[in-house]
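Visitor: Copied straight from Swiss-Prot:
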type	residues	note
TOPO_DOM	1-273	topological domain 'Cytoplasmic'
TOPO_DOM	295-300	topological domain 'Periplasmic'
TOPO_DOM	322-327	topological domain 'Cytoplasmic'
TRANSMEM	274-294	transmembrane segment
TRANSMEM	301-321	transmembrane segment
């Protein structure tokens, strides 16, 4: 493939444009730099910026069917070979487990052995790890190594997020053993996050597996082996997600059971109180009718005797309930 001049990928509002030096480091791209397989270029763009959008729409370095994909709407992870290059869409975890499950950020990239063009709208936090390694001179030396390092960083962030969700589920299970109900919506958010992760990480694992099996010219056997290891690691994370989803279903049933038992207990208590006080309520209502005068109304000890009778009646009903093992 012919070399590319640095001026051809000069985008004023690019997030950054770097030239890999072949020794694990980078340097800012200059107009007179020569871009080839030994010194590939990484151009990172925000496709909502006007200059970046114009460059994506007009540059002859990209196939026509790649332009819309790099600046289009978010889609599920996928990989497509297009001539000498490859179009890849990946998802990255941004944010924490306390956020709503919309923190999966899309990153699209087109690459061949000379040029890496990556686009995003929101910042991809996982790229910070790769950028840091490159700035310290310990990063990838070629396009294949760059792709492996990026996929490894994405998987690290996904695995860490899955582990955080798993820890939350363990804490929730421990609380349920102590009859502690989580706040309303907590379990639903947790389950939604797991489902969203499952939705995007499953095809992303397939992307990694395909990259490991494809004979891409800019990926060595070592790159393919490392990519397969990344796919296997993400597959284990997906197994963990499936187990967590099943556990949240069990916890939802357990929470419903605990709440039903609590409601039954309260209803039972109110029923017992009604049974205890129903006879006394009947007598007080009967005497309160006051037709033809209240019996014993003219006797000075009548009210006291009536109160004693009520106490005896309540005690008798309580004793009966206790012997019947209702109390």
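Using N, Cα and C of the backbone, Cβ positions are placed for all residues, glycine too.
Note that the structure is predicted; figures quoted are calculated from it, not measured.
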Visitor: From the DSSP assignment alone, can you count helix, strand and coil residues within the topological domain 'Cytoplasmic' (322-327)?
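Guide: Here the numbers are 2 helix, 0 strand, 4 coil.
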Visitor: Could you please provide the mean pLDDT value for the topological domain 'Periplasmic' (295-300)?
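Guide: Mean pLDDT, the topological domain 'Periplasmic' (295-300): 68.
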Visitor: Can you work out which residues elsewhere in the same chain, 6+ from the ends of the topological domain 'Cytoplasmic' (322-327), have a Cβ less than 8 Å from its Cβ atoms?
Guide: 272
